[in-house]
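Undergrad: Before anything else, here's the structure in question.
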Number of protein chains: 2
Amino acid sequence: MKRLDSRDANFNQQLDALLAWEGVSDAAVQARVIDIITRVRAEGDTALVEFSNQFDQVNAATMADLSVSPERLKQAYDGLPNTERDALTQAAERIRRYHAHQVQESWQYTEADGTILGQQVTALDRVGIYVPGGKASYPSSVLMNALPAKVAGVAEIIMVVPTPRGEINELVFAAAHLAEVDRVFTLGGAQAVAALAYGTETVPRVDKIVGPGNVYVATAKRHVFGQVGIDMIAGPSEILIYCDGQTDPDWIAMDLFSQAEHDEQAQSLLIACDAAYLDAVEASIERLLPTLDRVDIATTSLRDRGALILVADETEALALINRIAPEHLELSVADPQALLPSIRHAGAIFLGRHTPEALGDYCAGPNHVLPTSGTARFSSPLGVYDFQKRSSLIGCSPQGASTLAAVASVLARGEGLTAHARSAEYRLLPKAD
Amino acid sequence: MKRLDSRDANFNQQLDALLAWEGVSDAAVQARVIDIITRVRAEGDTALVEFSNQFDQVNAATMADLSVSPERLKQAYDGLPNTERDALTQAAERIRRYHAHQVQESWQYTEADGTILGQQVTALDRVGIYVPGGKASYPSSVLMNALPAKVAGVAEIIMVVPTPRGEINELVFAAAHLAEVDRVFTLGGAQAVAALAYGTETVPRVDKIVGPGNVYVATAKRHVFGQVGIDMIAGPSEILIYCDGQTDPDWIAMDLFSQAEHDEQAQSLLIACDAAYLDAVEASIERLLPTLDRVDIATTSLRDRGALILVADETEALALINRIAPEHLELSVADPQALLPSIRHAGAIFLGRHTPEALGDYCAGPNHVLPTSGTARFSSPLGVYDFQKRSSLIGCSPQGASTLAAVASVLARGEGLTAHARSAEYRLLPKAD
């Protein structure tokens, strides 16, 4: 595993190289996606059935073969072993409770002259959730995407999940039942995104599409952005651990593995001020890595994208954290709250030795859909706020309108927009004198 | 001006045709923009100087010729006539005061077992504001984009504004001074967006880019989305007025003009339940239209995209409003507050006869950057919340971690992610018995 040292002359270049990641969707992917979207818009269900048969190797005759009934979802839920059903239910309950804190309320205030200003907060009408098929099909993602929308008050949630070669993930169906997803279609790829964005005879048009997907899905989402809302375009998952050298090295090694086992592109970084501690973690990694079920993926991920980083002191560590703006940040230190005011950019912050990322991934309550690849510099975890929107409220009293009209008239004429000025001036009250 | 009647058999098709608008950026524009971005990333300042000389027909030798000093901005401000400076200052003060209501605070709560959950809210470090050059260069837009960022606590604001053929808008410079913009470059087009997204020797890389622009700017913003945050891709501006037939028809006509004078693509719609009232407004339009300074633009806009729409009753009017999801909605009625609970989608809602859109455009306080083309279905006015982001906080007590680890372990094993499970299991406490 790579070792970096902040005292090295070329540390900055090494770090840049380590962090470099750019989602590539080349011209061929772009063209393919535009073609798929165009056909779904023109041909609707017919195109969906054709593309699904072609790309997912299913055998659908009509959209009925790509629609999942609520009864089928319930059957999946009822069929789960008790321990799994209980765990899923507890996770859902905690996620709901946490997200309830994010609900935003409308507000208004009245100025001295009677003018009212404020914002009205409303939920989106209809939301689409993309769930990847096959191996990356996670029931926890269904909960994390659907429950904030439910808490926001979204009236209808449409889920799409491809079933490559007919493979169904019962846990995903069960999670959809638990999260009260309204309709499920076994669709995937750019065609699913197009169907949600524009609607077909069977698939209703939604107002926003959330959820991760492959390069075709990401490219399609970027393309339909504006027609519908979208969440972030997600890159590979990352963890950055800052440790004071007092946490059991085996714990830290396993926390790094929990990220590295996701996929070869995942990134696991550890920062410490103590070289001997980095040695100890490296020894744990070497001992434990061969015991992992997903040893090949984790080995590649750690080799290509992982690093143990030595820094001079806590100040340097904090600067590095903010520069990296990690998706997941573990502060494996004695007093993590003391560091919080210095952390400006991170998707989720895990406080203390007893808070591994895995708890947040499943059931602590906060969302596991988080900004990757440094985008925590400007974006937030998925939340209820992503499923609410605001309308400005302006209600002028006759006196208030008259006062504002005088100002607006000057500014509008300054911009050469004289119809604006005259519209304002109609609301001037006669001067009392 | 077009007249629509909701009783017509083909009303829905007519309405769809009226509302249809799609931002087109064809393959040629795409290719040009990607080329410009690639060159700015590779060549930095050199490319910026070259592109500016080429596209803006300026005569720059180095970036110093494309940089505006704070002294130059102050000079523009000091040089304004008193009435304009006062109006701008009053508008800024009201915009600041309103947006202060949008500031979001961090929160935490502690569960019974000592586990802490919450969100930490922080401001973006650095924001870029794109201001169009030439005729669409509006000082009010500088205030509306910069002040929410300032209120959010953004440390540094970089503004770009092209100066085609060297044309400088003194009001724009003055507004930048008033809004305390930190640095200004006279750059425009895709090259300005690329510079802000990736940084050059002179232009610092920002975390988010906001502000409207032409098709090259919009295409470039869509392209760099993910590298930086962006606001919405704006379409043409629109107003929808619902009137109970009791407002002076001249007022309504001028309110429609205030939208139509923006550009030929702008959309002005009026809904009423009373055909005679629509006749009266049409008569006002015919009488007043020739008196406008921007008569040609307004005439084209009203002819191509405007409409007077007759509906059967208020219920129908409200359904139509929500279907259109207008950028600006004027409720020119006696009791507008009574209608608010029925309005689900609108960028800004102007309440009552004394609240024309023009007051909101300049100085009422709420933002004039609003979701266009029906995107109010899923997005909000520009606000302080666009310049703040959140980090989830999770701090488990040893007992809390143990409880959660049991749940996470089951779910992680269900997903085949056993390193996740083992990372959680390390935090299980020995069972007391």
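From the backbone N, Cα and C atoms, a Cβ is placed for every residue, glycine too.
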Undergrad: According to TrEMBL, A:Gln259, A:His262, A:His328, A:Asp361, A:Glu415, A:His420 bind substrate; which one of A:Ser237, A:Ser284, A:Ser380 is listed for that same site?
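TA: Between A:Ser237, A:Ser284, A:Ser380, TrEMBL records just one in the substrate site with A:Gln259, A:His262, A:His328, A:Asp361, A:Glu415, A:His420, namely A:Ser237.
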Undergrad: Within the chain of A:His262 (substrate binding site), which residues six or more apart in sequence place their C-beta under 8 angstroms from its C-beta?
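TA: Same-chain residues close to A:His262 (substrate binding site) (Cβ under 8 Å, separated by 6 or more) are A:Pro236, A:Ser237, A:Ile297, A:Ser301.
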Undergrad: Given the recorded NAD(+) site (A:Tyr130, A:Gln191, A:Asn214), which additional residues of the same chain have their Cβ within 8 Å of the Cβ centre, ordered by sequence?
TA: A:Pro132, A:Val160, A:Pro162, A:Leu187, A:Gly188, A:Gly189, A:Ala190, A:Ala192, A:Val193, A:Gly213, A:Tyr216, A:Val217, A:Ala220
Undergrad: Hey, how far is A:Gln259 (substrate binding site) from A:Asn214 (NAD(+) binding site), Cα to Cα, in Å?
TA: 18
Undergrad: Please report how many Å separate the Cα atom of A:Glu327 (active site, proton acceptor) from that of A:Asp361 (substrate binding site), as a whole number.
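TA: On Cα coordinates alone, these residues lie 12 Å apart.
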Undergrad: I need the CA-to-CA distance for A:Tyr130 (NAD(+) binding site) versus A:His328 (active site, proton acceptor), whole Å please.
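TA: So the alpha carbons of A:Tyr130 (NAD(+) binding site) and A:His328 (active site, proton acceptor) sit roughly 22 Å from each other.
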Undergrad: In angstrom units, rounded to an integer, how far apart are the Cα atoms of A:Asp361 (substrate binding site) and A:His328 (active site, proton acceptor)?
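TA: Spelling it out, the Cα of A:Asp361 (substrate binding site) and the Cα of A:His328 (active site, proton acceptor) are 10 Å apart.
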Undergrad: Restricting to the same chain and to sequence separations of six or more, state which residues have a Cβ under 8 Å from that of A:Gln191 (NAD(+) binding site).
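TA: Spatial neighbours, sequence-distant, of A:Gln191 (NAD(+) binding site): A:Ile36, A:Val40, A:Ala47, A:Leu48, A:Phe51, A:Ser52, A:Phe55.
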Undergrad: From the recorded positions A:Tyr130, A:Ser237, A:Glu327, A:His328, A:Asp361, A:Glu415, keep only those with a C-beta under 8 angstroms from any C-beta in chain B, and list them in sequence order.
TA: A:Asp361, A:Glu415
Undergrad: From the Cα of A:Glu415 (substrate binding site) across to the Cα of A:Asn214 (NAD(+) binding site), what is the distance in angstrom?
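TA: A:Glu415 (substrate binding site) has its Cα 47 Å from the Cα of A:Asn214 (NAD(+) binding site).
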